[in-house]
Amino acid sequence: MQRWIRNFFDTHRPKFEKEGRFHRYHGLFEAFETIFFLPDSTTSQSPHIRDSLDLKRFMSIVILAIVPVALFGIYNTGFYACLAAGKSTAFLPSFMQGLLIFIPLLVVSYGVGFFWEALFAVRRGHGISEGFLVSGLLYPLILPPDLPLWQAAIGISFGVVIGKEIFGGTGRNLLNPALTARAFVFFAYPGQMSGDAVWISGGATDAVSGATALAISAQAEPGSQIPAMLDQAGLGLFELFVGRTPGSIGETSALLCLVGALILIITGVANWRIMVGGVLGVLGTGMLLNQLATGSLAAAMGLPAYYHLVMGGFAFGIVFMATDPVTAPGTDAARWLYGFLIGALTVLIRVFNPAYPEGTMLAILFMNLFAPLLDHFVIQIRLRKRISHV
Amino acid sequence: MENLMGIFLNSVFVGNILLAYFLGMCSFVAVSGNLKTATGLGFAVIFVLAITTPVNWFIHHYLLAPGALAWAGLPDVDLNFLRFITFIASIAAMVQIVEMVIERISQALYTALGVFLPLIAVNCAILGTSLFMVERNYNFSESLVFGLGSGTGWFLAIVAMASLRQKLRYADLPYGLEGYGITMIVTGLMAMGFMIFSGIAL
């Protein structure tokens, strides 16, 4: 089998080389070949480090870390869809139902995204990078389950083309492509992207309320006790941590995001400073607001800070989105600050912005904009510490 | 005091003069290529806004607004139709005066700001801030804080844009989009990021 594939690529390679008939499609050919075989070409210019960690392996580890979250997300989405439809909520039927919801979104995300990647690769003569395998998997996971597929397609088109390809492809984008895509859909089609009805496939019914923990906390009257209200709605701290709650497909389980975070940190793929900074930002801001909370101000101010870590998409965002090495800062001090500000902004938006119950997505996009500036300041401070004209 | 804090935060983040109202785009796009000059121009805009907005408040309240000339014994005169031209003239005059004062006091700052200082006279963020000040019925201290906040918001936007454009030096842009084209697109993406604050009532 392996020899057959090898032969296939070898016989067709000349057509894609410089003088070949299809040399325009060289990037496409290479992308498919490197799925099956390790490329034998190495970086031609010095300096370079001998390491087995190339972009493909790097991205494979990220995908591996996302898989548990995705599998649980599929089950959870299916569970709520079955519950809303009044069907059996046993494990297997729920999982199948979830697959029926998730797979079309995934196919659209990969299919449409790959189309744009390939178009740009062919027209502009650069290779197709593995980065899109991650963005294309993250994108459906942060969508509400019932989003019409054409809207998902328009979103990923915007994310890939405006968010990434016009800057020259993977490694050159300023904003996280998956989040850009989601933000675009969020602002373009608010009816399908927010509110109580969208988080459960089939819509909320009398039997199941579609309200997420964030919506409950945002709509609570001043002076009310949110943790008790959440318990009453079946969204206690434990359920929120494990992820048995309605929400975007992949965002609900803080526990499995933590597992993903461990995989990413142990393999050295994602930077732990950003994640720890983010958690500190949430806890610090949350506790500060707890101190300031009084009966007449927003009830969410009194919500214990650790609830913000498990509610909504914060865990997913800080682990898989904020740590994107292209759009995050490159210096350690800037990473701490970047993570901290994402956490702080998330809490501030959740508590004080009545327009959005959730702030993680826009907090990360906002900090993406300031990542180069943070790096610049860190470098300037370091330069100033040097002894001049030694 | 809380009210003034609210106006400041509102004009820096929620109603950022550049990324929410898209005023002052021309010098933003033209000067954001270099972080150092962008910082200089940003400070100059803060400075000029903090002076022109209160000055225009005086002009509006004691010359132009309906009934403003009551102190001169002319309570029925309404010179409001002169608002635009008077504001533009006062902004140009203020920029000139500021320029001369800076040249007299600090030669170093004057050379650092260079040509950008006179250019501020035609920056529409300055006129826009004065007109918003009238529209929102700010009093004197509010208009001072509003001017400062608007300037700070503009400063934040241009400095962030300059650092992003520095990063874009390593990008591989399509031929037609180099320079101003990509800057406009990035401005749009920045505005999307700043929408995180839209909806906050301060």
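Numbers run from 1 along the shown chain.
Just so you know, glycine gets a Cβ as well, placed from its N, Cα and C.
Per TrEMBL, FMN phosphoryl threonine is recorded for A:Thr212. The transmembrane segment annotation in TrEMBL covers A:58-75, A:95-115, A:253-272, A:305-323, A:335-353, A:359-379.
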Quiz item: Are there at least 3 C-beta pairs under 8 angstroms linking the transmembrane segment (A:95-115) and the transmembrane segment (A:305-323), leaving out pairs fewer than 6 apart in sequence?
Solution: no
Practice problem: Count the CB pairs under 8 A between the transmembrane segment (A:95-115) and each of A:58-75, A:253-272, A:359-379, then give me the winner. | Solution: A:58-75
Quiz item: Do any residues of this chain, six or more beyond the ends of the transmembrane segment (A:253-272), have a C-beta under 8 angstroms from a C-beta of it, and if so which?
Solution: 58, 61-62, 64-66, 68-69, 72-73, 76, 240-243, 309-310, 315-316, 319-320, 323, 325, 328, 335
Quiz prompt | Cβ-Cβ distance under 8 Å to A:Thr212 (FMN phosphoryl threonine), same chain, at least six residues away | solution = A:Asp196, A:Trp199, A:Leu235, A:Thr245, A:Pro246, A:Gly247, A:Met311, A:Gly312, A:Pro357
Practice problem: Let me know the DSSP-derived helix, strand or coil state of A:Thr212 (FMN phosphoryl threonine), please. | Solution: coil
